[in-house]
Amino acid sequence: MKVLILAAGLGKRMKSKYPKVVHKILGKPMINWVVDLGKAFGEVGVVVGHKADIVKSYLPEDVKTYLQEPQLGTGHAVMCARDFISENEDLLVLYGDVPLLSKETINKLKKEHEEQKNQVTVLTFVTDNPAGYGRIIRENGKVRIVEDKDATEEEKKIKEVNSGIYIFSGKFVLENLDKLSNNNAQGEYYLTDLVGMAERSSTVILEDIVEVSGVNDRIQLAQLETIAKQRILEKLMLSGVTIVDPNSTFIGPDVEIGMDTIIYPFTIIEGYTKIGEDCEVGPYSHIVDSNIGNEVKVIRSEVEKSVIENKVSVGPFSRLREGTVLKEKVKIGNFVETKKTTVGKNSKAQHLTYLGDATIGEDVNVGAGTITCNYDGYKKYPTYIGDGAFIGSNSSLVAPVNIGKGAITGAGSVITEDVPNDALALGRARQIIKEGWAKKKREELKNADHKE
């Protein structure tokens, strides 16, 4: 089956300079929710129009795009993607601003379509307030759709309405697409007219109409985010994850969390993040696109595009940036920042430290205030710290530099040269003591004050 997503609309009511379909729900653009759904069923194509280049920038490379310019209705959108349609495959039509449709619903639609050997199968729903929706009319075993403005008084009483989601026979679409007419008040080509041409058609009635709820403004965007968040959190809790306060916790649709992990309030977990079992995350933590092992603590910290192995402690107030890898039992503490850095097993940097472009061995102690000076204004340089090294507090390691295994740097040192294994490196001025100098200085200052 091929999947065609219609995403060319302007979205005026969003009041935005960005296309409607790139606005996010739980950190993920709506169009990507729909693309991921579509990929579960086959090759995906997207019809773009308004600010097409922006929409394209959000799409995976393997998704084909088709330009609809100008936008002359849903039927016209499918016409613009004629080259995508195959007469040997069915065509599922979805919408870029309908993000909560489920695989289960599409499977039901697909099953009905295949079992009945339909030319078109329509996803419908029943509502007590059908105003504005196309009504479903059944005649002689066929289905047609009457738009609200064209419905008779009797037809307006019908409560089963069109969701806009269809599966077509590709052959049927190619044979009948050119028969669509724009002879209507809007001067547009409607996909609903194609439904009426089918000799073999039926419907699947959707029970949960939230699945086909679209987004037209930011109020509806917020409403769908609330619903999506609730469903994701409930699924996690039913799988063995403790969410202390669901109202203040935000977890994206592509996040995986293991059982017996506890998520504390005011935590945001987004992107393709995987968290293992028996972890504690939060409060006030933000994790994006990261892989976290078992028995890990992330407290009041930021983690982005990082890998954290088992039994690691992060925070409070740590920032792990892209390319960070923390091996087992590492401790990263207060106000420590890392980027493109690997920290070996059992090593720790617990206070006021920056580690960038660094490779740190096992059992290393990085003292408070340590900085890897990795940038000269033009280029980044690496720092290597061997197993068992001890980096004294307030050390500045000027890269490129290699600290050997078991080496020690004295507190307050500026290290500009490689340090051999098991050596002590001191890069600071020698301390000078002048006996009685402070007392003498105070007396001088006191006498000067009296003279004034």
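Each Cβ is built from the backbone N, Cα and C atoms, and glycine gets one as well.
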Swiss-Prot acetyl-CoA site partner of Ala368, Asn374, Tyr375, Ser393, Arg428, selected from Ala349, Ala407, Ala411: Ala411
For the region 'Linker' (219-239), sequence-distant contacts whose Cβ falls under 8 Å of one of its Cβ atoms, 6 or more beyond its ends: 14, 23, 25-26, 99-100, 210, 213, 246, 249-253, 255, 257, 259
Under 8 Å by Cβ from Gly96 (UDP-N-acetyl-alpha-D-glucosamine binding site), counting only residues of that chain that are 6 or more apart: Ile5, Leu6, Ala7, Gly9, Lys20, Val21, Met30, Ile31, Val34, Val46, Val55
For Ser393 (acetyl-CoA binding site), nearby residues of its own chain (Cβ under 8 Å, 6 or more apart in sequence): Gly367, Ala368, Gly369, Thr370, Ala411, Gly412
Three-class DSSP secondary structure - Tyr375 (acetyl-CoA binding site): strand
Helix, strand or coil at Ala368 (acetyl-CoA binding site) [DSSP, three-state]: coil
For Leu6 (UDP-N-acetyl-alpha-D-glucosamine binding site), the three-state class that DSSP assigns: strand
